[in-house]
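K.L.:
Below is the structure I would like to discuss, written out as structure tokens.
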Amino acid sequence: MGRLTLTKLQKMKRQGEKITMLTAYDASFAALLEAAGVEVLLVGDSLGMVIQGQESTLSVTMDDMVYHCRNVSRGSQCTFILSDMPFMSYATPNQAMDNAARLMREGGAQMVKLEGGRLLGEIVEHLTARGIPVCAHLGLLPQSVHRIGGYRVQGREEISARRIQEDAMILQEAGADMLILECVPARLGSKITDALKIPVISCGAGPYCDGQVLVLYDMLGISPGKSPSFSRNFLEGTSNIPNAIQAYVSAVKKNEFPLLELSY
């Protein structure tokens, strides 16, 4: 049995089956997540904060991402592996291609994720034309935290919401095969999910998207500092980590997480 494919994830969207995704950074947790039925492992540059103790994701390097992606690949057999491309690793089409190829060839990633809107259209086209699947990332962009003035909800104003939706359509047209929406109002998450053919995964974008993703350490209630308001500590009330992961998967599949009243 091989790894879950992009074709299967697209089929899940069409059939209305929720996609479960969690971040993973090492082989041991990758194995636990796979055993619990998580479909997608996101090797996130959030490792800069939860693994390395940095204040943001900006210091994470390509070598860091390849290292952790390789470990996650070794620890899993069937899950789909998505890897972040770190800050300034995709400034030009050729740089993006070289770095994405490293993540796939050396790290075992099946797809790479880029943060940003319509200006990334050329880079998305460049990658997908060369057989590299791309996940777009809109809404709150952690790699742009200094430009936007902190970790704030995006798309609350009509102009901002319209631009995010337009960006989503443009990136889909450019070839993106998946989209993560972070910290936007639930109504905007619903609107974009309905408008796109590709799977849309919510990270604080409400319950109406095609799937959900959380930072693993937030989901277990062990992240340093305060977890996002839309998150939930699934370890609370369960006896161990495997049960907490299974509770997350079950809650997403049954539309019991996230709660609309805790969405933006």
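In case you wondered, yes, glycine gets a Cβ from its N, Cα and C as well.
Copied straight from Swiss-Prot:
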| type | residues | note |
| --- | --- | --- |
| BINDING | Asp45, Asp84, Glu115 | Mg(2+) binding site |
| BINDING | Asp45, Ser46, Asp84, Lys113 | 3-methyl-2-oxobutanoate binding site |
| ACT_SITE | Glu182 | active site, proton acceptor |
K.L.:
What is the number of other Cβ atoms found within 10 Å of the Cβ of Lys113 (3-methyl-2-oxobutanoate binding site)?
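P.N.:
I count 24 other Cβ atoms within 10 Å of it.
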K.L.:
How long is the line from the C-alpha of Ser46 (3-methyl-2-oxobutanoate binding site) to the C-alpha of Asp84 (Mg(2+) binding site), rounded to the nearest angstrom?
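P.N.:
The Cα atom of Ser46 (3-methyl-2-oxobutanoate binding site) is 9 Å away from the Cα atom of Asp84 (Mg(2+) binding site).
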K.L.:
Just to verify: the residue among Asp45, Glu182 with the fewest other Cβ atoms within 10 Å, which of the recorded positions is it?
P.N.:
Glu182
K.L.:
From the centroid of the CB atoms of Asp45, Asp84, Glu115, the recorded Mg(2+) site, which same-chain residues not already listed sit within 8 A by their CB, in sequence order?
P.N.:
Gly44, Ser46, Thr57, Val60, Met85, Pro86, Phe87, Lys113, Leu114, His137, Pro142, Gln143
K.L.:
Just checking a number: largest C-alpha distance across Asp45, Ser46, Asp84, Lys113 for the 3-methyl-2-oxobutanoate site, rounded to a whole Å.
P.N.:
13
K.L.:
Rounded to the nearest Å, what's the C-alpha distance separating Asp84 (Mg(2+) binding site) and Lys113 (3-methyl-2-oxobutanoate binding site)? Just drop the number here, would you?
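P.N.:
Just about 5 Å between their Cα atoms.
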